[in-house]
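Participant: Relevant sequence annotations retrieved from TrEMBL are reproduced here:
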type: COMPBIAS; residues: 107-117; note: compositional bias 'Basic and acidic residues'
type: REGION; residues: 107-126; note: region 'Disordered'
type: DOMAIN; residues: 224-570; note: domain 'Biopterin-dependent aromatic amino acid hydroxylase family profile'
type: BINDING; residues: 403, 408, 448; note: Fe cation binding site
């Protein structure tokens, strides 16, 4: 049985979720990536806090204090800071401020945070440490060699007084025997701060901690943050770099299961529950590169498909966006969409690959938000293969293949929508838990329940609407509120999952939605950018000048081809 990414055992996950249900009422009867992300965040935070507490306890161990004192004495004897360096730093820009060289046992302090004192007997001595600094200090405590090991780290310093303060940073790095390997600056978006400066340094662990504490002593800096340390970082979640690594991204949410949810339509149907387990095991056994397993759907399952297919086809002409209708017709022309039988995922995957490069892989059930969104970055959609219960053909409390096939697949074959879906996936890689929740909310109000404008009419493009006719008719009526799609506000909008939603977001067009989404994603806290290389099926982290130069060279070649093509088209016919 698979566990969640937090490594909590399945029984514990179920127990936590049931406790959540007892407090908030029975869970929604509808699929919700947002709810999944929130639930996942709770579990991940609990696990992360346990790891952090252990690291802090270890960092406060007496053996560490002894090693720090030894390092201090050695630093004072062998590596005294030249007086002229401190004088230069203090006198720069005719400013009386001085970056004071401090010992590692002087705890790093966040801006505007209380400095622990001897009177704070009941408080942890590391109260001012950030998570990254705790991990760094913990790594330094492993051995004398670990203290002196040179690591590469990124430090962000916010300059209140402009670039004139940059010299202080460089002098301090030099004083602590560090080497600057990368330096860049940009105008800050924070109030009272002129510039944000990113400095990548190679430096011994203990001296890196000293550097951070030193920089925090001057009022010219709004804040000083350690972003990463190249060995351990509790804030940088693992994410797949190659499509094959999606084999590790199949963690399920233990919700809406017919074996657990007494309100599930199939809860009392032993035959249905056995069928679900059979199909789930097929998905669990799937590995990257395998052909998608063929499912011999029963007569009952094909009847359920026929009922929903007919209703969707009837309503889409009037209420679906033009892109959906165009691809739906293509699928009918190629005999993939026929009323008599359910399409196989492999034939649908082949169709998508020809049109937009998207492919499918089978999923055993409701995936965690992080795993589901990660697959989109590789233009891979994780789809279920089981069918909803015959007693509830027009509604399902969880994703099933009818929802995937009728709701998602047609628009994944549209180039513009496919790109938008992939960009959501790319933005999720390495994102924090809070940002995963926001991305899931955006996904919920767009890909699942989105509306868009066509001329003077509002049309549906969300898969949850196009595969659930009741909410579709509600969404395009005058009963709910229609708001313009703005990712920043959409990402924090509470949603209704017990009944039809009171609010829907309307995009001017897919292109407009993509542009707004890109601008919003640029404000996220992730300290790196990624791109998908379709030739290698690999996500590349753009975190070095060499990688960027290679990418620029590739783009220049593409631009040259495009320029030549335009020039040839403009030539007069002979």
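Residue positions begin at 1 at the first shown residue.
Each residue, glycine too, has its Cβ placed from N, Cα and C.
Just tell me what is around each of these and how deep it sits.
Facilitator: The predicted model assigns the domain 'Biopterin-dependent aromatic amino acid hydroxylase family profile' (224-570) a mean pLDDT of 89.
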Participant: At 10 angstroms around each C-beta, which of the binding-site residues 403, 408 has the fewest other C-beta atoms nearby?
Facilitator: 403
Participant: Determine the Cβ neighbour count for residue 448 (Fe cation binding site): the number of other Cβ atoms within 10 Å of its Cβ.
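Facilitator: There are 23 such Cβ atoms around residue 448 (Fe cation binding site).
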